[in-house]
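*Asks:* Have a look at this one before I ask anything.
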Amino acid sequence: MAAPRSWALWSLCGRGWSPVLPGCRLPWLRSCWPSGPLGARPLSQEKRATETHFGFETVSEEEKGGKVYQVFESVARKYDVMNDMMSLGIHRVWKDLLLLKMHPFPGTQLLDVAGGTGDIAFRFLNYVQAQHQRKQKRQLRAQQNLSWEEIAKKYQNQEDSLGGSRVMVCDINKEMLKMGKQKACARGYKAGLAWVLGDAEELPFDDDKFDVYTIAFGIRNVTHIDRALQEAHRVLKPGGRFLCLEFSQVNNPLVSRLYDVYSFQVIPVLGEVIAGDWKSYQYLVESIRQFPPQEEFKEMIEDAGFQKVTYENLTSGIVAIHSGFKL
Amino acid sequence: MSAAMATLLRRSLRPLRAFRGHPRPAADVPLRATSHGAGLLYPEHIPTSLVQKALLAAGSAGMALYDPYRHDMVAVLGETTGYRTLKVLRDQMRRDPEGAQILQERPRISLATLDLGKLRSLPEDSFGREYLRFLDVNRVSPDTRAPTRFVDDEELAYVIQRYREVHDMVHTLLGMPTNILGEIVVKWFEAVQTGLPMCILSALFGPIQLSAQSLQVLVSELIPWAVQNGRRAPCVLNLYYERRWEQPLRALREELGITEPPRRIEGLA
């Protein structure tokens with residue numbers, strides 16, 4: 001943990017100091033702040049600080065949660081179709097790359113937050129199943145005999161094809177979870193999958209439970225990103241990995257211009273034509289612009305206690321994968 | 001840290017705090033037209049750029065053909081393509097005394113504004129009673145019309161809203177049911193009357209999904225009848241329907257020069 005004085009200066013440097021100040025977990029920081037003749041000042045700052053952005057609108061923090069809930073409730077049914085249409089299918093590649101980066105082995109416990117329709121969870125299950133099968137093939141080829149337990153399990157069809165891996169999909173929105181469950185049923189995913197209704201800022205899990213925590217395209221919708229990061233740190237086991245796949249700032253000016261035109265001119269139109277909902281998709285593209293850029297987000301992750309934080313840009317920075325470890 | 005330094009620091013940090021949202025210069029506003037806040041001409045207004053309107057028009061036309069149950073797409077098509085025609089319609093309404101009154105008073109037709117009890121108590125062949133019967137038999141409600149969103153003029157937004165709300169009245173006047181064939185016939189009538197591009201497109205492309213038999217009836221009997229009546233009748237947007245509930249339907253039809261439909265089409269399409 002950084003020294004208190006530099007912490008205060010760090011947070012004063014405008015990098016997320018407004019969320020830090022009111023819901024502050026370090027009461028001594030507030031007392032460092034000079035009051036006295038400027039006593040009126042803290043009050044107005046706190047009032048301003050309870051407002052946040054909802055796309056390009058300004059709303060109060062209490063309102064934002066409700067509004068985001070409504071957006072996802074409304075888009076849930078066409079969420080997957082719209083993802084394919086808007087990204088021309090590229091979102092599948094991004095999610096595959098996230099799994100490649102994760103490179104889970106059989107036995108990994110994954111928590112997928114804001115996992116709604118289950119894209120990451122299903123990919124995870126496929127990946128560990130393939131890994132497990134490969135491991136077994138390797139064992140057989142290497143003339144290693146299976147143990148008696150394994151042979152007995154094979155005959156009883158009790159073999160765990162996932163090798164002990166489990167994924168917990170957590171989402172705050174009931175409609176998205178419903179869609180996810182329907183998809184799981186339709187595609188035949190049953191083993192190793194659990195669906196939990198929960199808030200990323202206050203996860204319903206004990207400390208030190210998971211090997212990997214992922215949040216794909218969800219963290220920008222959270223009202224207090226720092227709280228979500230702290231929760232992520234809490235529920236991960238020591239040695240656990242935090243992975244975040246999120247829209248970020250484009251580093252190439254030409255691509256950025258094209259991306260802007262596409263985002264603001266085409267995407268709400270797609271939302272209206274395909275899903276009958278202009279405003280939700282307007283919010284989605286605006287919320288991308290409101291999210292901190294790669295470096296700033298990396299610093300926020302470090303603030304939450306993660307180490308060895310890195311990020312990787314995909315598609316010129318349209319999307320970035322941030323990774324950190326709890327050590 | 002001294003109080004003065006703190007104030008200085010705070011003042012210099014305020015613009016930094018604004019940068020958390022990574023603002024772009026105001027010149028980008030047309031590119032990033034937001035759909036909320038200042039610039040709204042009416043409550044449901046969503047300001048759109050020309051590019052967005054063109055994309056919406058194309059997309060909604062395609063989607064309406066692909067999925068005929070997407071009535072909202074037909075509405076969007078009307079809004080994005082009808083600007084010039086709506087101006088003509090509005091000017092023509094201003095010239096007509098009853099039409100001018102409608103523009104002034106802006107009556108709306110919805111379940112909230114209609115007195116269904118009173119309509120039900122009207123004599124059997126009055127316009128109001130027949131309209132109510134039309135709603136009941138076809139199981140439609142006047143509240144299913146979505147509000148206008150993409151028209152960039154407040155009065156024209158009302159004109160197209162009125163056109164939508166009057167659509168059911170036109171069904172009653174023409175005696176057409178709400179099946180596909182009936183809707184196409186009404187669209188032909190409205191296309192001739194209003195000249196709205198959306199009506200013309202629906203009239204021309206709607207029949208694509210029809211069976212050969214219905215198509216034959218449509219082309220040989222219904223379209224000529226609809227076009228003839230459309231040309232003969234004064235603009236249906238100029239009628240203050242809310243004041244004509246008690247008028248007998250037959251008399252109203254005579255006043256407008258609308259004849260009986262050539263055949264019943266409830267069973268077709």
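Numbering starts at 1 and runs along the chain as it is shown here.
Keep in mind that glycine also has a Cβ here, set from the backbone N, Cα and C atoms.
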*Asks:* Per TrEMBL, what member of B:Glu155, B:Glu183 joins B:His167, B:Asp168, B:His171 in binding Zn(2+) at one site?
*Replies:* B:Glu183
*Asks:* Counting all other Cβ atoms within 10 Å across every protein chain shown, which of the binding-site residues B:His167, B:His171 scores highest?
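*Replies:* Compared across B:His167, B:His171, the most Cβ atoms within 10 Å surround B:His171.
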*Asks:* How many neighbouring Cβ atoms, not counting its own, are there within 10 Å of the Cβ of B:Asp168 (Zn(2+) binding site)?
*Replies:* 22
*Asks:* List the residues of the same chain that sit at least 6 positions away from B:Glu183 (Zn(2+) binding site) in sequence and have their Cβ under 8 Å from its Cβ, in sequence order, or write 'none'.
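*Replies:* Long-range Cβ contacts: B:Met176, B:Gly206.
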